Structure formats: C-alpha cells, structure tokens
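Novice: Before I ask anything, let me first share the structure, which is written out below as structure tokens.
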There are 2 protein chains.
Amino acid sequence: MSEDRILHPGLRARLMSAEQAAALIQPGETVAMSGFTGSGYPKAVPQALAAHIDRAHARGEDFRINLLTGASTAPELDGALAQVDGLAMRMPFQSDPNARKRINAGKLDYLDIHLSHVAQHVWFGFYNAIDTAVVEVSAILEDGSLVPTTSVGNNKTWLDLAKKVVIEVNRWQLPEMLGMHDIYYGTALPPERKPIPMVRGDERIGQTTLRCDPAKVAAVVLTDAPDRNSPFNPIDDDSRRIAGHLIEFLKHEVARGRLPANLLPLQSGVGNIPNAVLAGLADSGFRGLEAYTEVIQDGMLDLLQSGVLRYASCTGFALSPDANEEFRRNLDFYRSRIILRTQEISNHPEMVRRLGCIGMNGMIEADLYGNINSTHVMGSSIMNGIGGSGDFARNGFLSAFLSNSTAKGGSISSIVPMVSHVDHTEHDVAVIVTEQGLADLRGLSPKQRARQVIAHCAHPDYRDALQDYFERACRDSYGKHTPHLLPEALSWHQRWLDTGTMKA
Amino acid sequence: MSEDRILHPGLRARLMSAEQAAALIQPGETVAMSGFTGSGYPKAVPQALAAHIDRAHARGEDFRINLLTGASTAPELDGALAQVDGLAMRMPFQSDPNARKRINAGKLDYLDIHLSHVAQHVWFGFYNAIDTAVVEVSAILEDGSLVPTTSVGNNKTWLDLAKKVVIEVNRWQLPEMLGMHDIYYGTALPPERKPIPMVRGDERIGQTTLRCDPAKVAAVVLTDAPDRNSPFNPIDDDSRRIAGHLIEFLKHEVARGRLPANLLPLQSGVGNIPNAVLAGLADSGFRGLEAYTEVIQDGMLDLLQSGVLRYASCTGFALSPDANEEFRRNLDFYRSRIILRTQEISNHPEMVRRLGCIGMNGMIEADLYGNINSTHVMGSSIMNGIGGSGDFARNGFLSAFLSNSTAKGGSISSIVPMVSHVDHTEHDVAVIVTEQGLADLRGLSPKQRARQVIAHCAHPDYRDALQDYFERACRDSYGKHTPHLLPEALSWHQRWLDTGTMKA
C-alpha cells in the first residue's frame with residue numbers, strides 16, 4: 001500500500017509503526033513537529049509518543065519533551081501530549097484546552113513568539129538544538145523530496161535542522177496538492193541575507209516540495225487520518241455588525257483615495273469574527289481582492305468561488321469539516337488560486353511591509369489609549385498566543401483589532417481603562433472595532449484616541465464608567481499625556497476576579 | 001554672499017529674511033521641518049515663526065501649527081515654538097523640556113510614532129496634508145537640487161509632499177559634505193513597492209542630493225548657525241558596568257558561534273548609556289564592526305578613528321560640540337566611512353531584518369516578564385518617545401535594553417513588578433542589562449524570565465521585594481503563566497507618587 005506514496009526505495013525501507021517511531025524520541029528531547037491551526041500535523045506519532053510517555057510515568061520515570069510546531073495543532077498532538085504531562089516547554093503558539101490548563105496552572109513553560117520570528121530564532125541558535133522533527137507529508141518522491149500537505153509552517157526549518165527526522169505519510173492528504181506549495185530556499189543567516197524576490201502576493205519564488213536528507217530519516221510511518229479543525233460558529237448579529245463597520249471603513253478609505261479599489265492584501269486572524277468579516281466581504285461589492293495571510297479559513301473559499309478574492313497566499317488551512325470537503329472536491333479550482341508558503345515568508349516583515357498588508361485580528365481587550373491585549377485573561381492567564389498578529393500590525397499598511405465590546409455575558413468589558421497585558425502597543429494600532437462601532441486612531445494623540453474609543457467601541461453598559469475614569473484621570477493623573485489613575489487602572493479586572501463582573 | 005551657495009538663479013530670487021519667510025505660514029497649518037536629534041534643523045525660520053505667533057497671541061489671535069520633523073530637534077525649533085504655545089500637535093518624537101512640559105500638562109497633543117512609520121503614514125494620507133516644509137540645506141545646486149546637511153530624516157518626504165517649501169541655506173554647514181548622503185527615490189506606495197536593493201549596510205542605492213520642484217519654493221533664507229547637541233555626560237562607573245556586561249555577552253555569543261567575529265550591524269539609541277557602550281567597544285578587541293543606526297554620537301567617531309568600526313550608516317548626527325569640531329576638522333576621513341540616509345531607510349523593517357541589526361536602546365523601566373517601558377514616567381507622563389527602538393527591537397537579530405537599575409537617587413527601581421506603560425512587549429526583548437548584570441531572556445517562559453531579571457538586573461535594594469512579589473504572585477495569581485497580583489502590580493509607581501520612593 002505504500003508503493004504509490006513512497007517512491008524513494010531507501011525511505012520505504014524505513015517504514016515502521018507509529019509506536020516504533022515514537023520510541024526513537026528520548027526524554028528531554030526538543031522535538032519539532034509540523035502543524036499549523038489544525039492542519040498538516042502528524043496524526044499518529046504524537047499519540048504513540050503520548051502513550052509511551054504515559055507508560056514511562058507509570059513506571060515512575062521522568063519523560064517530557066520540548067515541543068515546537070508551526071502554530072496551534074489539534075487534540076491528536078497538543079491535546080494528547082499535554083494530557084499525559086509530556087511537555088516541558090511549548091512554543092510558539094497553542095490553543096489546546098489541556099495545554100492551556102497546564103500552562104495556566106504553572107506546570108508547562110510556554111514561549112509565546114511572533115510567528116515570523118520562530119524559524120530565524122531557531123537558526124540563530126536561540127533555543128535548544130532540534131533533536132527530532134516529525135513532519136506530515138502526502139508523498140515521498142523518488143529523489144527523497146517531500147510533498148507537503150495542508151500546512152507548511154516551519155517544516156522547511158525543522159527538516160533542515162533536526163538531527164533525525166520522522167516522516168508521516170498521510171494517505172488522507174491529497175497528493176494532487178503537489179504544486180500548490182511554494183517553499184523558498186533563498187533565506188540565509190545575516191550577513192548573507194538577500195532581498196526576498198517577490199513583489200506580488202501571488203508570485204511563486206520557491207519550489208513545490210520540501211528537501212530532506214534521506215540519511216537523517218529515522219522512520220517513515222503511514223497514516224490515513226483527516227485534519228481536524230473546529231467548525232466556526234454561525235455568524236451572529238454582533239459579528240455581522242463588526243464586519244459591517246470595518247467594511248464601511250475600508251470603502252471610505254477607497255473613496256478618499258487612501259486605498260486602491262481592490263484594497264491591499266488582506267491578513268485575517270483565525271476566529272469567528274475575522275471569519276464574519278470575510279463573509280461580509282462577499283456581499284460588499286469589492287472585486288479582485290487579495291489575501292496575504294497565515295491561514296485560509298472557510299470564508300476565504302467562498303470569496304475565491306465568487307471571484308471577490310483573486311488569490312490567497314497562506315501557510316496553512318483552518319477549514320471546518322464542511323469547508324474541507326469543499327476544498328477537496330474542487331481542488332482543481334483552488335489549486336491556481338491558493339499558495340501555501342513557509343510561515344517565515346507568509347509573515348515576513350519584509351513582505352508584509354512591501355505588500356502593504358491590511359491586518360485584521362481579534363483581541364481580548366483594548367484600552368482607552370489603543371493598547372491591545374491579544375493573549376492574557378486578567379493579565380496572568382494565557383488564552384492562546386500572539387500568533388502572527390504582531391508581524392502584520394507592526395509592518396503592514398493598517399492594523400485593525402476586532403472584538404465584541406463585552407464578553408462572558410456582559411460581565412467583562414473588552415474596553416478597559418488599562419489593558420492587563422500588552423501585545424500591541426499604542427504605536428501599532430490604527431483601528432479598533434466592536435459591534436458598537438469603529439474608532440479610527442490614526443493621527444490622534446492618546447487623549448484624542450480615548451474619546452474615540454469610548455464613543456465608538458465601548459458597550460453602553462460600560463461607557464459612563466469609562467468616561468468617568470477618563471475625566472478623573474485627565475484631572476488627577478500625574479502626567480496628562482496618557483492620563484491614568486494607577487490604583488484604579490487595573491481595578492476592573494480585579495473586580496471581575498472578586499465579584500464575577502467588571503460592573504461597579 | 002549667497003552666490004556660492006545658491007546656484008539656481010530662480011531660487012536666488014526668492015531670498016528673503018526669516019521673518020518674511022515665517023510670515024508665509026498661516027495659523028492651523030501642518031508644517032514639516034527638517035531636523036533629527038539636534039542636527040540639520042532650520043535655525044532661523046522657527047524662531048521667527050515663534051515671534052510671529054507670540055505677537056499674534058498678544059493681539060488675542062489664535063495661532064498654532066501642527067509640527068512634524070524627523071525626530072527631536074533643539075531649543076531653536078521645538079523650544080522656541082513650545083515656549084510661545086505655538087504647537088497644537090507634535091510628532092513623531094521630541095525631547096525638549098518646554099514641549100514635554102506642555103504635553104504632560106495636557107496642553108499639547110503629541111503623537112509618538114515609530115520612526116520608520118512616519119514617512120509612509122504621511123504618504124498614505126493618515127495625517128493632515130503638509131502645508132509647508134521648512135528644510136535646512138548647505139547649498140542649492142544649479143538644477144535646483146539641494147545638498148543636505150547633518151541630518152536627512154524625513155526631508156525627502158517633506159519636500160515631495162509639501163504644498164510650499166521654505167529652504168534655509170546654512171553657511172555653517174559644510175558644502176564638502178556633498179557625497180555623504182544617500183537619498184533613495186525608489187520607495188513607492190503599495191502595491192507598487194519593490195525590494196530595497198541593498199544587502200550591505202554600507203551600500204549606496206540613491207543619489208547625493210534632495211530633489212525639490214523650484215516652483216514650490218516660496219522662500220529661501222540664509223543662515224549661519226551651528227547645530228546644537230548637548231554634550232554627553234562623562235562615562236560613570238555604572239554606565240561602564242552596563243557596557244561591560246553587554247560586551248561580555250556579545251563576546252560570548254561570538255564564542256558560541258551565534259554571531260560573526262565582527263558581530264552584525266549595530267544600532268545604538270541616543271544617550272549616555274549607549275554612548276558608554278560605544279566607548280566600551282573601543283577597548284573590546286572587536287574589529288571591523290558595522291553600524292546601521294539612526295544617529296551617530298560621539299563614541300562612533302572614536303570607533304571609526306580606531307578602525308574598530310568600519311562604517312556607520314545613519315540618518316543624522318548627535319555630536320557634542322567637541323565631537324562636532326572633530327568631525328568638521330577631519331571631514332575627509334569621515335566622508336568615506338559615514339552614510340546619511342532617509343530615516344525610512346535607516347529604520348526600515350526590511351533592512352533591519354535583512355542586515356540582522358543588533359538593537360541597543362535605553363529604557364525607563366522593565367518588568368519581571370521582560371516588557372519594556374521606553375517612554376512614560378509613572379505610566380502617564382511622557383519622557384521623549386519611542387523613536388526608532390521599535391523598528392530595531394521587532395525586526396532585528398537581537399534587542400538589548402539598557403538602564404541603570406535605579407533612578408532618582410535610588411528612589412525608583414528600573415525593575416518593577418509590572419511596567420506602567422509598554423513600548424516593547426515580552427515578545428520583542430532578548431536581553432536586559434543594568435549595572436547589576438545581564439538577563440538573557442531568549443528561549444525562556446515568563447516565569448523563567450522573571451527569575452533571570454530579579455537575579456541579574458534588579459538593584460539589591462529592591463531585589464527582595466521583587467522576589468517577594470513574584471513568589472506571592474506565583475502562589476496567588478489568577479493565572480500562573482504570567483503571575484500578577486493586580487492590586488499590587490502598579491503599586492510601586494503609586495508609592496513613588498505618594499511618598500517619593502518605591503521602597504515600602
């Protein structure tokens with residue numbers, strides 16, 4: 001059964017079970033795996049490794065690994081390894097409930113890294129050397145090169161740098177995807193770096209397969225298992241309003257001559273609200289849009305189908321099961337319209353700045369002065385991570401942050417006097433959008449921003465309290481550039497911890 | 001007397017006094033001026049404008065302008081205009097005591113912008129259109145092109161976009177500087193951007209003069225006045241220790257093979273501590289270093305003289321009067337070793353990432369988890385601004401932040417439980433250095449970082465209190481990823497406001 005998928009005889013000879021492959025990974029190793037938002041992650045070896053670790057723990061042995069990936073993965077990877085307490089360190093992004101629980105219990109060290117930084121930091125030697133890479137592919141070609149699957153992430157770097165490599169060949173993945181990937185081998189360490197030779201987001205600058213020295217391949221494992229992404233929520237009225245405000249703003253920018261009629265390449269974070277924005281764009285009248293982003297989610301397939309979106313460049317898919325079926329059924333259509341790149345290129349500051357990407361990302365909370373918290377609940381508890389939002393917010397044309405104005409049944413205001421953690425500073429935020437409206441912060445001083453945020457983004461239940469804080473801060477603050485009352489600045493968060501609501 | 005400096009006859013015909021030129025600027029105008037850290041700013045028109053505004057105010061008239069520059073300037077510009085309350089809005093950076101006082105009194109709107117963002121945001125139309133540009137040059141050539149002086153900053157953008165232009169021809173500036181500048185006219189608005197054709201920091205990619213449509217030039221004013229930069233403090237023991245820790249670290253990185261023997265291009269913030277680092281490099285044994293930075297300060301001239309530094313690329317000078325004399329005496333020596341660029345290129349994310357710059361910037365405070373406050377005293381009062389530190393910290397090879405461990409006679413700890421304002425997030429900070437030592441935060445989770453910061457950076461007077469906060473936060477925090485006790489997190493700052501010391 002392996003003959004059509006493993007064309008390299010030497011590598012076919014390394015076929016073994018997931019259990020045998022997992023046994024090659026030793027306690028304390030730094031293991032780099034494929035996977036980016038529930039696509040292209042190894043489906044069998046991580047679970048076999050988790051079982052292996054579980055048995056070791058039952059014998060009283062210490063067995064944990066450091067785990068690197070592209071971004072978040074799925075229950076079969078992060079979930080399984082976190083469940084058995086098999087992780088000592090995790091980076092650069094996660095969204096698994098089990099892993100999150102352990103991180104927030106102080107039992108798992110998590111490094112939350114800009115996605116464009118990961119590959120280069122590993123090349124720079126800032127982290128431990130990579131002992132083992134575990135990478136999913138759809139096929140191994142005769143020359144040993146690897147056909148990528150539904151995400152590329154950091155796989156190029158993992159395969160280049162790992163001491164030993166475990167390859168999962170997943171028969172569920174379509175070998176017909178060959179040709180959709182663009183793996184750029186022109187990166188280098190400074191001082192040997194050259195310009196990235198790309199001026200349009202739909203250009204191809206690399207090759208279609210991943211290189212891997214067959215001598216490093218310690219195991220090849222056959223799997224046949226689907227990617228697993230959660231379905232998106234049905235689009236609700238508030239998400240529709242958020243999308244409406246942002247799209248109205250973009251049309252206004254076109255009318256003012258600040259954006260071309262087909263905008264600039266869109267980056268869209270993963271989540272229900274960014275997905276609602278994509279849905280909103282379908283009926284917006286825009287044509288010929290471009291996406292230079294990390295992840296393709298459901299809404300983008302529809303936009304490609306309707307011709308609203310001309311192409312999408314990404315590093316991975318986050319498709320619901322239904323959208324995944326649609327993609328697989330119409331692969332020929334999508335093949336010419338989707339490019340999967342390494343995440344160092346999909347998120348590269350050079351490309352983001354050159355293309356002038358429009359960043360649209362979710363947030364946990366914003367404060368009066370336009371600082372954004374994307375990662376921490378109540379200042380101390382991680383949600384997921386910063387992902388690529390910083391790559392786009394700092395270096396793109398425009399950065400928009402989106403959220404409902406309240407959370408947890410209205411007990412939390414997403415607009416607070418001071419954010420409890422900062423992921424995007426006041427220097428990096430152009431636009432904040434809630435279902436209440438849109439605050440355009442460009443060209444405004446801190447106090448001017450506060451007035452916009454209160455008027456346009458805050459929920460009516462919290463608007464008066466924010467206005468009251470702001471007025472008293474303007475009167476009593478030590479400095480009046482960014483007025484704050486320090487004993488109160490974080491009191492809304494503490495009140496929620498104490499009473500279950502931010503309301504006074 | 002103008003004949004040798006103004007070779008374009010049409011522009012010679014526009015010669016007038018500073019007072020006449022200043023009278024061309026109307027109330028409410030957005031005025032863009034040359035100037036970057038006390039060099040290359042207009043010397044006469046701003047003062048004449050200030051006098052003009054003062055008279056208007058005396059007559060009961062409203063007269064304020066919005067002022068854009070490259071970065072900070074000098075008393076003759078920011079000082080004069082702030083003194084007469086002539087500024088409604090100021091961006092993107094300032095360091096003038098008068099301006100700062102007005103900003104912190106809530107009377108002047110200040111926009112604190114990444115220096116690499118300024119030109120493009122103006123081109124994007126994010127701010128008001130520029131009514132008048134006031135730009136210092138050393139000469140006007142026969143074709144109307146302009147010879148830049150001791151800073152380039154945003155002058156190219158100002159001259160391209162302003163409706164009318166006022167040129168100050170400063171006889172004090174050396175026309176022999178012709179050839180030291182590299183003005184790149186290859187930038188464009190997205191989607192028309194191309195790669196910046198530079199792979200080494202000492203390459204020249206542009207022309208030596210600034211273009212300006214003579215038809216837009218409303219006035220030419222002759223001046224003869226020196227740049228004015230404050231002398232640096234003599235290097236004290238603490239600065240020497242900070243420099244020592246950082247240089248030891250850099251040597252260690254070379255020994256580990258993570259940096260070439262001549263390092264990677266250095267970016268150095270302006271100030272006494274970065275200047276001490278430069279002085280420390282003189283005796284460090286390093287050779288053939290490179291600087292790709294914003295500003296050349298005293299220490300760099302010495303490094304160029306001794307051959308420790310091979311070249312320096314910048315956008316302006318911040319030289320003390322003595323160093324300025326040295327530069328002018330030995331211009332022929334420095335001409336081949338110094339390149340002055342526009343600040344969109346000196347700070348460009350594409351170049352910073354490609355070259356792999358090592359960012360070394362001062363800070364006001366750092367917190368346990370590696371967040372950096374570069375701009376705000378006690379969370380609300382602006383010091384100067386973020387300048388270019390964010391351009392380098394986010395996009396370079398490595399970012400180091402430097403400060404004494406205490407300030408104000410020991411009453412302020414520069415290491416605090418939570419910074420009162422965030423300019424550089426935990427995601428962007430590799431190394432923190434005080435005279436106590438160096439914390440290497442690479443590859444560490446938040447709690448691991450806290451242990452390094454407390455052990456290596458905190459002053460002994462505050463170390464126990466930080467350790468106590470951290471331990472209690474690890475025990476009692478809502479989440480244990482980034483442990484915090486919210487009611488206490490900013491209490492050190494409030495204590496200083498209440499009692500004059502952060503000590504309990």
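Using N, Cα and C of the backbone, Cβ positions are placed for all residues, glycine too.
Note that this is a predicted model, so its numbers are computed, not measured.
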Novice: To which of A:Ile364, A:Ile372, A:Ile432 does TrEMBL also attribute binding of CoA at the site defined by A:Asn384, A:Gly388, A:Lys408?
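Specialist: Answer per TrEMBL: A:Ile364.
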Novice: Around the Cβ of A:Lys408 (CoA binding site), how many other Cβ atoms lie within 10 Å? Please give the count over every shown protein chain.
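Specialist: The answer is 11.
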Novice: Using DSSP with the three-state reduction, classify A:Gly388 (CoA binding site) as helix, strand or coil.
Specialist: coil
Novice: Looking only at A:Ile364, A:Asn384, A:Gly388, A:Lys408, which the record lists for CoA, tell me the maximum pairwise CA distance in angstrom.
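Specialist: Max Cα-Cα spread across the CoA binders: 26 Å.
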Novice: Rounded to the nearest Å, what's the C-alpha distance separating A:Asn384 (CoA binding site) and A:Glu294 (active site, 5-glutamyl coenzyme A thioester intermediate)? Just drop the number here, would you?
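Specialist: Here the two Cα atoms lie 16 Å apart.
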Novice: Please compute the mean pLDDT of the model over the domain 'Acetyl-CoA hydrolase/transferase N-terminal' (A:15-175).
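Specialist: The predicted confidence over the domain 'Acetyl-CoA hydrolase/transferase N-terminal' (A:15-175), as a mean pLDDT, is 97.
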Novice: If I restrict to non-local contacts, at least six residues apart, and a C-beta distance under 8 angstroms, what lies near A:Glu294 (active site, 5-glutamyl coenzyme A thioester intermediate) in its own chain?
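Specialist: Looking at Cβ-Cβ distances below 8 Å from A:Glu294 (active site, 5-glutamyl coenzyme A thioester intermediate), excluding near sequence neighbours, one finds A:Phe36, A:Thr37, A:Ala71, A:Leu115, A:Gln267, A:Gly269, A:Val270, A:Cys314, A:Thr315, A:Gly316, A:Gln343, A:Ser346, A:Asn347, A:Gly387, A:Gly388.
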Novice: Where does A:Ile364 (CoA binding site) sit in the DSSP three-state scheme?
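Specialist: In the DSSP reduction, A:Ile364 (CoA binding site) maps to coil.
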Novice: State which of the following binding-site residues has the fewest other Cβ atoms within 10 Å around its Cβ: A:Ile364, A:Asn384, A:Gly388.
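Specialist: Each of the binding-site residues A:Ile364, A:Asn384, A:Gly388 was scored; lowest Cβ tally within 10 Å is A:Asn384.
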